[in-house]
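> Checked TrEMBL, it gives:
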| type | residues | note |
| --- | --- | --- |
| TRANSMEM | 49-67 | transmembrane segment |
| TRANSMEM | 79-105 | transmembrane segment |
| TRANSMEM | 144-166 | transmembrane segment |
| TRANSMEM | 187-210 | transmembrane segment |
| TRANSMEM | 222-243 | transmembrane segment |
| TRANSMEM | 296-320 | transmembrane segment |
| TRANSMEM | 327-349 | transmembrane segment |
| TRANSMEM | 355-379 | transmembrane segment |
Amino acid sequence: MSRPVWILIALALGLTLGIAASGYASQRIAGILDFADAIGTLWLNGLRMTIMPLIVALLVTGIVTAARAARAGRLTARALVWFIVLLWASSAAAALITPALLAIFPLPQDMGQSLAAALSGTEPPGAAASIGDFLRGIVPSNPFAAAAEDSVLPLIVFTLIFAFAITRLPPEPQEKLAGFFEAVGDAMIIVIGWVLKLAVVGVFALAFVVGAQAGASAFGALAHYVLIVSAVGIIIWLAAYPVAILGGRIGLARFLAASAPAQAVAVSTRSSLASLPAMLRGAEDLGIPDTRSGVVLPLAVALFRVTGPAMNLAVVIYVAHWYGVELGPLALAAGVATAAITTMGAAGVPGEASFLTSIVPIGLVMGVPVEPLALLIAVEAVPDIIRTLGNVTMDVAVTAAVTRPEDSPETEAAP
């Protein structure tokens, strides 16, 4: 069985045993709960320790890669514009859609309170910052202190400035710095891979604590979470069809037929990269020349995950709803920006690592507890299918829209 399946089994088993243990006298299981909580916290901290260096490395490599692609010709530059606009639109949409869904289908208050109380290590959010404090804190006086204090937004601002500065360097030093940060990112992903090998133990321990303290309501809350986040992803997925119809001027039936094989691969593999050959065939069925789809689609797979900003922000908004954290306009604006920016850098990060790398920064920026992510990663299998379906469908749709204008071969070549 795959690791996600084992993690899901660990979650179910931990919750079940925790619920069963809650029937015993509290003094009998207090020591067991304390030990399980310590194990789960150690595992979560092992994941969190890699986040800050990985954010910096991924943003630098993402910006440098995008800058190189933009210089490659008009076709890639136009594709990047589409990617950026849609990533920001996806993020902004989640800020509107997720609260609306939670207002229509709210998590029962007793469920949220019991689950919040079950995660004893969760720190309560601080008071919302004023506009003045928010603006003063955007540019860090010390980026290393910002990283140490989990001040993600100032760190992102510094990293963006630094990354754009790298793109202005001569080729040789630019290549050296880009290679260094790429190696740092790869090393952090390896470390995350090691920590995730212990996910079965960590998730089981945390689930046992939650089951013992929250009871059977934990199952209902997790199912509610999956439905809300998946619904946000489905809305973004469906947005791919207007992009193809209006942007690419392709009939709905034709686009459905062309994208169906790639969608089938996406469901079975949960991988955009594995779906790339089917996407290329689908683009060919739409009449897109190989010389164009062969440029845009690989670039999309490398840099563009349209469901990422929406579903990542939806997770954080859901956790805020879970804990009763009120999100003001500044928190939502910061979350929208962070979700859009970090998604582009994290497009090449695989599986569970991407879930944490992309969502932890958003939670930190918005003042929302990130501890629940250690449990939510266990039920990511269903939302991840929606993520991949939406990404693959939008990749084909954007390729159709980007390649619709009649360009001469010269405009597609590097200057």
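Each Cβ is built from the backbone N, Cα and C atoms, and glycine gets one as well.
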> Take a look at 49-67, 144-166, 187-210, 296-320 and tell me which one has the most Cβ pairs under 8 Å to the transmembrane segment (222-243).
296-320
> Do any residues of this chain, six or more beyond the ends of the transmembrane segment (296-320), have a C-beta under 8 angstroms from a C-beta of it, and if so which?
62, 65-66, 69, 75-76, 79-80, 83, 86-88, 90-91, 93-95, 97-99, 102, 225, 228-229, 232-233, 235-237, 240, 272-273, 276, 279-280, 283, 326-327, 335-336, 339-340, 342-344, 346-348, 358-359, 362-363, 366, 368-370, 372-373, 376, 383, 386-387, 390-391, 394-396, 398-399, 402-403
> Can you name the far-off residues of the same chain, 6+ from the ends of the transmembrane segment (79-105), with a Cβ under 8 Å from a Cβ of it?
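Sequence-remote neighbours of the transmembrane segment (79-105) are 66, 69-70, 224, 227-228, 231-232, 235-236, 239, 243, 295-296, 299-300, 303-304, 306-311, 313-314, 317-318, 321, 327, 332, 335-337, 339-340, 343-344, 394, 398-399, 401-402.
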